[in-house]
Amino acid sequence: MSVQLDPQGQLRHLVTTEGLPRELLTRILDTAESFSGVLGKSVKKVPLLRGRTIINLFFEPSTRTRTTFELAAQRLSADVLNIDVATSSTSKGESLLDMLRNLEAMQCDAFVVRHADSGAAEFIARHVAPGVAVINAGDGRHAHPTQALLDAFTIRREKGPLEPLTIAIVGDILHSRVARSQIHALLGLGAGEVRVIGPRTLLPRDIQRLGVRVYEDMDAGLDGADVLIMLRLQRERMRGALLPSESEYFSRYGLTEQRLERTHPEAIVMHPGPVNRGVELDPQVADGPRSVILRQVTNGIAVRMAVMSIVLGGHGEAPAEPIEEASS
């Protein structure tokens, strides 16, 4: 039984995009669209989660993800606590479950979890008290669902419906939790074609079973693509010499203006960050007119607001009327 859905099929935890119904994926994006309107106002708060407490529990360092989750919770008027795991009681020998029990005793409503171990978020979701939600902010090589959802949201805003689009994911697919989540989300939302491009040493052996087309040749994989999602090399997760050098990687798989010409004339360039300029992206492409990288960051706030409002607020339907501003 899925830990993510309650018996009525409503989202109670977000651990992965794998297996989520298309209707639910669409509802998240639609709800995010409604929150985007709020973020454009002078007062960027709504009172949906006033009185709720959300704890950011990050066992791995993060800047963009933790900050956007914190902003998203604050925009919903929730109270936010950031736990410094390096100085927490877990560093003094307390078990993870004991720490969770103590935090639950403080009447928290949700944990946003980032962890180096694959499966950590699901483990926590299966052991939290009833009524406490868990949102996966990235676990090992397993999943990063909110990144995938904000990428899908960005694509829909920039390019319209996903059905006719060819989307290419380029780089270190093997070690990327983002790539797996993107594939499940994009195909779940009906994307026309999803391609993965990378050297053989950075492609999972069974990746084709997910329904993607696989390319080792960068130029062939880029041909006619509408969306390019560039991924960084996950050096911290690599074991052994999987690549000769970063300069050779760039010569074969780096996105340059010349390579960009092989794509659709109106193709967009995306990256989940952090960007390694001169490794996966030429600086001129990263800063060029087709790059929507900074818009991804902005969209991440609205998407994470949507996820929080759904797991903590029930049905998560997009408001029929514009959301009213809170007084403060």
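The backbone N, Cα and C atoms fix where each Cβ goes, glycine too.
Per Swiss-Prot, carbamoyl phosphate is bound by Arg64, Thr65, His144, Gln147, Gly273, Pro274; the candidate from Arg22, Arg27, Arg101, Arg114 named for the same site is Arg114. Annotation note: Gln147 (carbamoyl phosphate binding site) sits in a helical segment as assigned by DSSP. In this entry, Arg64, Thr65, Arg114, His144, Gln147, Gly273, Pro274 make up the residues listed for carbamoyl phosphate, with the farthest two CA atoms of the set 16 Å from each other. For the binding-site residues given as Thr65, Gln147, the lowest number of other CB atoms within 10 Å of the residue's CB is seen at Thr65.
Here the binding-site residues are Arg64, Arg177, Arg232; the one with the fewest Cβ atoms within 10 Å of its Cβ is Arg64.
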